[in-house]
Each structure stands twice: as C-alpha cells, then as structure tokens.
Amino acid sequence: MREGIAVSTLPERVRERRPLVHAITNCVTMEWVARGLLAAGARPVMARDAAEAPLVAAAADALVLNLGTWSPGLQQAMLEAGQVAARRGIPVVLDPVGAGGTETRTRAALELLERVRVTAVRGNAGEILALAGRDGLVRGVDGPDGRPGPQTERAARAVARRFGCLVAVTGATDLVTDGRRTLAVRAGHPLMSQVPGTGCLATALVAAALAAGTGAGPAGRDRPMEDVDVVAEALLWAGWAGEQAASAASGPGTFAAAFLDRLALRGPLPPGRIAPPLSERLSLYVLVSGATPPDVLEAVCRRAAA
C-alpha cells in the first residue's frame, strides 16, 4: 500500500491531449463548467437534446452525466449518449446531483448506473449514501475534522463494487475508491462551496483526466496509472487551484475568476496530498506493528462500531 502518490503531470497531459468532453450538465452551471474545462486545456461541448446527444457522444473523448437540472427528456438524452459512450469505451462520469434529496433523482441516478457502463461517480457524502441504499440526508456522515467517516467510506466502496465503477466523495477531504484501493485527497478551500458549480466542474475535470489516461508514476517514472490514481489527481488539481485562488481573492466573486486562472497555470501538483484514508492507515499500523496503543485501539474500535 503506497502512502503517497508522486508529483503529477496530469494537467500537462490534459493540455497536450485536449480531450473533447461532452458534458450533459445542468443549466445553472453549464457556462462555468465550459469555462473551467477550457482553462484546464480540454474542449467542452454541451449537447443536451436526446436527438443530438448520442451523435455528439459518438465523437467525444469523455462524457459527463449531471442530474443538476433533471427532467425526463434529459434522462433519455443521458441514457442514449451513455450507451453510445459505453460501446465506444470512452470514460463516462456521473454526477448524481440531489440523489437522496428526492426519490425521483435517486431513481434516475440508479437507472443510469444500471443501464450505462459508468466509469466513475462523483458526489457528496449524502448522494453516495443514497446510492448505497442509505439515507442521503443523514447528518454526521463526515468525521469531526471534515474527513469522510467510516459510514461514508463503506458506502463508497459498496457502490463501487455493486456497479463496477470508481466512486469519488468530495468534501473537506475527498475520498476515491475502486472498491479495493481507497485514497484520501487533502486539498481545497471553504470558498469553493460558495461558488455554484465547483462540484460540477470537478466532475468534468475527472472526465477530462480519465480521457487523458496516464500520469506520472512513483519517483517520476512515466507509466500508465490506475484509474483510481487519475481520479484522485483530478480532484487534487481542482482543490489545489481552489487553495491558490483563495489566497488572491477577497470574496466569492474574485475567487471564481482566480480559480479559472489557477486551473490554467502550468506546473506540477503538490506532492504528499494523496494517501490512504486515516482509517486504513490505523488498521495497517495495528496489523504491521502488532502494537495497540490506547488511542489507536479506540480509533479502530470506533471505526468498527460505526
């Protein structure tokens, strides 16, 4: 189990390959997502009509399905485009906006997962809990330090295993899992939650990253990466841009402009921000060392009882 992922060249690869990302996203954030993808070096297209969406998906390098402003017609467009994308083998990334908030949205997200070969799901803790069959509006699903709690981790792994996809849970600390390996990503800033569409844009960046395909391996060796690593690095990219933008912003308005500027900057992502989640590291410590200090034992017991 690796404790960290090497410095990433993922942003450079996205800029080199300029993937065409077909984002069937919501009306509220469509322009923001398009601008963010352009800043990151990808090429956005936003076809939403059921007659056109499959045709665009046939030419795209990745597909985003976002439930933000859901309608039955949009659901049909996403199903048809998703099936075309799956036949072509391009990444399909689902953003189950509002799952757990209404039964309609939860059913819509589950239908897409069941009928489309989804590569990755990106949502908040409540949405992922809803997809796992739990109450999407549960309070206290994150730990007291803002990290995903044991309940959220288990739900993410369950969704990943059930649907054979990657699952990313975003929050104060992000979590990415393929059902086997799980990584925590420590990046971001509170101002990101005050700009509508930062989550939608993170989903689109995940799609662009998966379309770009590879990154830098340990010690700088260039190698194909596992998709779980690629998704974690895409979230680090978004979070790091948010941190840098916050240092130059006086509020949400200036932050939004600075965020796009930071996405467009060249240079490596910071090292040491991606690692297995605390719960896995505690368990590994106990197994490897054979030691059970009281504080470690208490933490492991809390995890098991949650």
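Cβ atoms are placed via backbone N, Cα and C, with glycine included.
TrEMBL has this to say about the protein:
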| type | residues | note |
| --- | --- | --- |
| BINDING | M46, G197 | substrate binding site |
| BINDING | R122, T170 | ATP binding site |
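Structure coloured by features recorded in TrEMBL.
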| residue | record | Cβ neighbours (10 Å) |
| --- | --- | --- |
| M46 | substrate binding site | 18 |
| R122 | ATP binding site | 30 |
| T170 | ATP binding site | 26 |
| G197 | substrate binding site | 22 |
Residue pair R122 (ATP binding site), M46 (substrate binding site) - Cα distance, angstrom, rounded: 19
Between M46 (substrate binding site) and T170 (ATP binding site): CA-CA distance (Å): 24
